[in-house]
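Reviewing the structure listed below.
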Amino acid sequence: MDPEGLALLLPPATLAALAESWLREDCPGPNHAALVTGAAPSQAVLWAKSPGVLAGRPFFDAIFAKVNCQVSWFLPEGAKLVPVARVAEVRGPAHCLLLGERVALNTLARCSGVASAAAAAVEAAREAGWAGHVAGTRKTTPGFRLAEKYGLLVGGAAAHRYDLGGLVMVKDNHVVAAGGVEKAVRGARQVADFALKVEVECGSLQEAVEAAEAGADLVLLDNFKPEELHPTAAALKARFPGVGVEASGGITLASLPQFCGPHIDVISLGMLTQAAPALDFSLKLFAEGTAPVYWAYRS
């Protein structure tokens, strides 16, 4: 999917509400620095100082729209960043531009970091000759899930379920609470009706077979070592070829290729959102009529 079109997934009202909440968190009271800068019209350039994938333009735009500033982009969403890159220009009253600066940079840096990690994971999977789905998880930062899930998509990965309502996931604790795999899946199928899929977390082939027999659409083979994962998935697929198999649990970019195999449909990595390093961006003001040059701002 074209990363540029992904912005259509983001409801404008939700974007505006998120931008407002992030700005309020950063400045809930008097902004004393505004008296230093004043309200004169100003302009600044957004520089990318580390390599990766650009993601988060809609969030950046929404934040600056809230403080009466306008953004002009020089690079498209999903662009590969080669530092030092001139990414965008922001114009508006000086005190407003600086009020939105850190919030916008934090959001762009985090979203781009997730997209970069996702792109690296997808590339590793394709280089291993595997065509399945590389996916994120629900291990996201509270209050920042939409941006992180969006970053996964820009990076070419699958977002997985957005929230608890996107898929009926029966995990190990659900099985214990329900009194067994069969009872848990039976209850899940009743709740799921025709609209949702049911996935069951399993720790053995026996549990996976039970889940498939009870009507699970997908089986999550969690925390399996590669040498255990592939024969288990093969045995399950031999009996239930229509059941999807997901591998998860402690998988990293380095170990990902070991989990790729012909009987694995999805590989999910919590580290894409939990451990992705943020990209480095900076926003630097420049005087009207002068050409902005990055080296002039190095410390």
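Here the Cβ of each residue, glycine as well, is placed from N, Cα and C on the backbone.
TrEMBL has this to say about the protein:
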DOMAIN    38-112  domain 'Quinolinate phosphoribosyl transferase N-terminal'
BINDING   R102, T137, R138, K139, R161, K171, E201, D222, S248, G249, G250, L269, G270, M271  substrate binding site
DOMAIN    114-284  domain 'Quinolinate phosphoribosyl transferase C-terminal'
If you count the C-beta atoms lying within 10 Å of each candidate's C-beta, which of the binding-site residues G250, G270 ends up with the smallest number?
G250
Hey, what's the Cβ neighbour count for R161 (substrate binding site) at 10 Å?
19
Tell me, if you would, which residue among R102, R138 (binding-site residues) has the fewest other CB atoms within 10 Å in the structure shown?
R102
Candidate with the highest Cβ count within 10 Å, taken from the binding-site residues E201, S248:
E201
Tell me, what is the mean pLDDT of the domain 'Quinolinate phosphoribosyl transferase N-terminal' (38-112)?
97
